[in-house]
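Asks: To start, I am sharing the structure in question, which I have written as structure tokens.
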Amino acid sequence: MNLSESSVRSSDSPALQCDVSQLKIGFIGAGNMAFGIAQGIIASGKVPPSNITISAPSMNNLPRFQERGVSITHANDEVVDRSRLVFLAVKPHLVPKVLNGISGNVTQEHIIVSMAAGITLETLEELLPAGTRVIRIMPNLPCMLLEGALLLACGSCAGQEEETLLKALLGPCGLVEAGPEQWIDAHVGLSGSGVAFVYVFAEALADGAVKMGMPSALARRIAAQTILGAGVLLRDSGKFPAELKAEVCTPGGTTIHGIHALEKGGFRAATMGAVEAATERARELGKK
């Protein structure tokens with residue numbers, strides 16, 4: 001299937017039997033993740049903003065969607081009635097209540113995409129009508145700047161058509177990958193929570209420079225640019241992190257002395273432990 005063409009068709013997928021530009025998309029929840037995903041869909045150029053509807057209980061976050069031409073409402077059932085692809089962008093503890101409220105409006109034509117950490121596909125399918133096509137997707141905060149990392153997993157009634165559609169729509173958000181559901185929790189630890197781990201590292205880098213006499217504001221700017229440049233190089237060079245590290249570490253030089261200090265401080269083990277702890281917490285949320 002080629003989504004560069006004007007339509008996506010499947011005899012088994014009613015929601016996809018249409019010109020993609022006519023696809024109606026809804027969001028329940030108007031937080032940062034919903035905003036980032038909506039921006040990516042609009043940036044894809046495949047769906048006009050007028051085809052997107054978003055709901056939230058208050059007006060706090062809705063104006064920024066309005067500014068981009070997205071329709072707003074306070075009624076979740078209205079989003080479902082007006083859409084075929086519906087993103088569930090609420091906190092995990094609100095998912096059962098929200099799905100109970102909209103399940104009567106969900107049809108076989110709908111695709112429900114959950115962004116709630118820890119809520120399994122099995123749980124989602126139990127809360128929705130039998131046969132509903134459900135997908136879990138886990139974005140991260142940089143999606144707001146279209147530089148995110150997203151991982152999706154399809155439920156028992158969703159498949160390649162739905163996966164391909166989402167990858168095409170969400171591509172402008174950043175890196176979009178698919179895999180089995182058991183990878184989702186690890187992705188939370190790696191990329192969802194990992195963003196905050198990087199911020200802690202950036203803060204520590206800047207503090208180190210301040211300790212050595214650099215002004216704080218300058219240190220923060222340089223730390224941010226250092227992390228940005230290193231990330232782009234790692235992403236685009238195709239090299240392993242160890243290869244790039246070796247290119248910076250000259251024998252007896254400054255960098256290898258710094259690496260030694262990190263290793264003495266348990267940096268590598270602490271980072272692995274942070275990813276593990278966040279992953280385990282995501283798994284715990286799924287069991288509640």
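Cβ atoms here come from the backbone N, Cα and C positions, even for glycine.
Below, the features straight out of TrEMBL:
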| type | residues | note |
| --- | --- | --- |
| BINDING | Ile28, Gly29, Ala30, Gly31, Asn32, Met33, Ala89, Val90, Lys91, Pro92 | NADP(+) binding site |
| BINDING | Asn76 | NADPH binding site |
| DOMAIN | 24-118 | domain 'Pyrroline-5-carboxylate reductase catalytic N-terminal' |
| DOMAIN | 181-285 | domain 'Pyrroline-5-carboxylate reductase dimerisation' |
Asks: Per DSSP, what is the residue count of the domain 'Pyrroline-5-carboxylate reductase dimerisation' (181-285) in each of helix, strand and coil?
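Replies: Across the domain 'Pyrroline-5-carboxylate reductase dimerisation' (181-285), the residues distribute as 89 helix, 0 strand, 16 coil.
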Asks: With every protein chain in view, how many other Cβ atoms are within 10 Å of the Cβ of Asn32 (NADP(+) binding site)?
Replies: 13
Asks: How many neighbouring Cβ atoms, not counting its own, are there within 10 Å of the Cβ of Ile28 (NADP(+) binding site)?
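Replies: Ile28 (NADP(+) binding site): 29 neighbouring Cβ atoms within 10 Å.
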Asks: Could you state the whole-number distance in Å separating the C-alpha atoms of Lys91 (NADP(+) binding site) and Asn76 (NADPH binding site)?
Replies: 15
Asks: Below 8 Å Cβ to Cβ and six or more residues apart, same chain only. Which residues does that give for Ala30 (NADP(+) binding site)?
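Replies: Result: Ile54, Ser55, Ala56, Asn60, Asn61, Leu62, Phe65, Ile72, Ala89.
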Asks: Around Lys91 (NADP(+) binding site), how many other CB atoms lie within 10 A of its CB?
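Replies: Other Cβ atoms found within 10 Å: 11.
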Asks: Taking Asn76, Ala89 as the binding-site residues to compare, which has the smallest set of other Cβ atoms within 10 Å?
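Replies: Least crowded of the binding-site residues Asn76, Ala89, by Cβ count within 10 Å, is Asn76.
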Asks: How big is the gap, in Å, between the Cα of Asn76 (NADPH binding site) and that of Ile28 (NADP(+) binding site), rounded to a whole number?
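Replies: Distance between the two Cα atoms comes out at 6 Å.
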Asks: Looking only at Ile28, Gly29, Ala30, Gly31, Asn32, Met33, Ala89, Val90, Lys91, Pro92, which the record lists for NADP(+), tell me the maximum pairwise CA distance in angstrom.
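Replies: Largest Cα to Cα distance for the NADP(+)-binding set is 15 Å.
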Asks: Mind looking up the mean pLDDT for the domain 'Pyrroline-5-carboxylate reductase dimerisation' (181-285) in the predicted model?
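Replies: Result for the domain 'Pyrroline-5-carboxylate reductase dimerisation' (181-285): average pLDDT 96.
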